[in-house]
Amino acid sequence: MLTPSSHIALLESNVGQRKRLLDRLQDTSRHVHCLDSIDAFEQSLTVFDALVIDVNFEGGRGESLIQKLCQSTELTSILISATEAQLHRALVCLEAGAMSILEKPFELDRAKVVIDQAILGTRLRRKTYCERQRLGRRITTLTDRQREVFRHMVAGKHVKEIALEMGIGIKTVHTFRTQLFDKLEIDSPLQLIRDIAMVFGRRGLEKLSASADDQTIAQLMHQIKKPMYVDLPVS
């Protein structure tokens, strides 16, 4: 069972398949919203954890909706509903960034597992996004000199090395370091490197060791990894 409960948008043109999937998924932990139009979806105020969209929804508009959503959001997992004859269209959507294909007629057990994995992926990306926003905002509060010390520390340099490169005294470096520790709410250089690596990844660590300007920070704050393609063997 998923905790907390999740919200799934189902845009499916085949009434029979829609009912089968709804009956299999709907329980206290999964709220399935069967939407009868793209307008209803776009006007909905619900924050969905997964979207299941038929490529042929509304006479084929489902395909363009999937591609549009793949370009505009990386925080919600998108799954494609398609028949065997529509798989070539589904593959185009998959290449655009959708997470997986649910072939019709639905294999309900597989569909449930894939959708649950999609929901967990959504939650992980949202958690990562929030952590990046929080840490990024703290870094932007650093002064130029504090950012310079921060950049050297992220690169793994010691106090003496930083003082030499910046042309300032060791005590001054300690002062800047204490100030940035307070602003970032950390206790040690090791925690700084660990937190940066965990939140922004190794590439983020490398970027911040080279530059800690507003543009670099903004890029890292909004850079979320696209969902991985999910495929499960049929048992």
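Residue 1 is the first one shown; counting continues down the chain.
Note that Cβ sites are derived from N, Cα and C of the backbone, with glycine treated the same way.
Bear in mind that TrEMBL entries carry predicted annotations, made automatically and left uncurated.
Summarising the annotation, TrEMBL assigns domain 'Response regulatory' to 7-119.
According to TrEMBL, the domain 'HTH luxR-type' annotation covers 135-200. Broken down by DSSP into helix, strand and coil, the domain 'HTH luxR-type' (135-200) contains 52 helix, 0 strand, 14 coil.
Neighbour density for D54 (4-aspartylphosphate): within 10 A of its CB lie 27 other CB atoms from the protein chains shown. In three-state terms derived from DSSP, D54 (4-aspartylphosphate) belongs to an extended strand segment. Sequence annotations record features per position, and here TrEMBL assigns 4-aspartylphosphate to D54.
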Handout entry: Residue distribution over DSSP helix, strand and coil in the domain 'Response regulatory' (7-119)
Key = 58 helix, 28 strand, 27 coil
